[in-house]
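Data first, discussion second: the structure below is written as structure tokens.
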Amino acid sequence: MATRNRTEVTEFFLLGLSSWAEMQPVIFGIVLAMYLVALMGNALLVIVALSDPKLQTPMYFLLSQLSFIDMFLTTITVPQMLVHTLSVNRIISFNCCMIQLFCFMAVGSMEGHLLAAMAYDRYVAICDPLRYSAIISRGLCLRITLTSWVVVSLNSLLYSVLVTRLTFCGNQVTHFFCDITPLLKLSCTRPVVNEMLIFTEGVAVVVSPFFFILGSYARIAVAIAHTHSVAALRKALSTCSSHILVVLLLYGSVIHMYLRPSSSYDLDQDHQVAMFYTVVTPMLNPLIYSLRNQEVKGALRRLFRKRCISRNFQPGSQVNGGRQNIS
């Protein structure tokens, strides 16, 4: 391997999505629009899931947590990227980079754990509906959520500490945020320990929820096959289709981005996957759950109807109406 000059890195230079100056305003406008849609869509789902009396169930508690995670995930990377898109100074300090790495890995891993909890909720609802209320409760979902936060935080802290111990030969990160793969590419020597961690402990923490989801749906498929009922199959598909689509979007991106040796990465190509994972997926998730879910659509209609009624009965509107009647 060719010798590389070692330098003490105190800051990183993020190269961003594109080096073409004429493309920066276009990238800024598209990403800003998707970011705002993602924020508004997920915030609306959180408000509806927490406020609507008919959605006070464990499933919608988990859905509200997923929407919160999506807002957090896209906010970790996109605002900084938007600033850097229209700026010549694309520098981020070493400490801020490590904080961003920790937050991104923790929040990204947490999304998989929430999807696994939602898969278990669907499994119990379909395969053991009579005992659903006894098995699944809001308290259980809260304990699962808190435990998952502890696990993914410790996992992300381990990754971040190991990255800080690397010796970097350069500070130009070929990405629009501090992700683990482009940082490993800057290491003066092959980061064998980090790569082993990704394929062992990382698989256990990040990919194990995916296998749990597969196992849950396998049990659901077996249960439906035993019923020999087309109606049961249709009901299961209507119940689980949104969740399955979100799982495919998430893990398709994660597997492509991380579960390969760092030497085999094409970081320019992975920009598109990272953008899909950090912006497009959080934007699509609330659309998927709202457009294919009658209960969510009903809750949204009730929310907007309530807002319109409260606006019509504001004191100002009553005064204006009284003046019009007097005249």
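Cβ from N, Cα, C; glycine included.
Per TrEMBL, the features are:
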| type | residues | note |
| --- | --- | --- |
| DOMAIN | 41-289 | domain 'G-protein coupled receptors family 1 profile' |
| TRANSMEM | 26-48 | transmembrane segment |
| TRANSMEM | 60-78 | transmembrane segment |
| TRANSMEM | 98-120 | transmembrane segment |
| TRANSMEM | 140-162 | transmembrane segment |
| TRANSMEM | 203-224 | transmembrane segment |
| TRANSMEM | 236-259 | transmembrane segment |
| TRANSMEM | 271-291 | transmembrane segment |
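Sequence-distant residue pairs (6 or more apart) of the transmembrane segment (26-48) and the transmembrane segment (271-291) include at least 3 whose Cβ atoms are under 8 Å, placing the two stretches in contact. Proximity of distant same-chain residues to the transmembrane segment (203-224), defined by a Cβ-Cβ separation under 8 Å and at least 6 residues beyond the stretch ends, is recorded for 109, 112-113, 115-116, 119-120, 122-123, 126-127, 151-152, 155, 232-233, 236, 240, 244, 247, 251, 254-255, 258-259. Among the stretches 98-120, 140-162, 236-259, the one making the largest number of Cβ pairs under 8 Å with the transmembrane segment (271-291) is 236-259. Sequence-distant contacts of the transmembrane segment (236-259), counting only residues of its own chain at least 6 positions beyond either end whose CB sits under 8 Å from a CB of the stretch, comprise 66, 108, 111-112, 115, 118-119, 122, 125-126, 179-181, 198-199, 202-203, 206-207, 210, 213, 217, 220, 224, 270, 273-274, 276-277, 281, 284-285, 288-289, 292-293. With a threshold of 8 Å between CB atoms, the same-chain residues lying at least 6 positions outside the transmembrane segment (140-162) that come near it are 58, 61-62, 65, 98, 101-103, 105-107, 109-110, 113-114, 117, 121, 180, 191, 193-194, 197, 201-202, 205-206. On the 0 to 100 pLDDT scale, the model's mean across the domain 'G-protein coupled receptors family 1 profile' (41-289) is 86.
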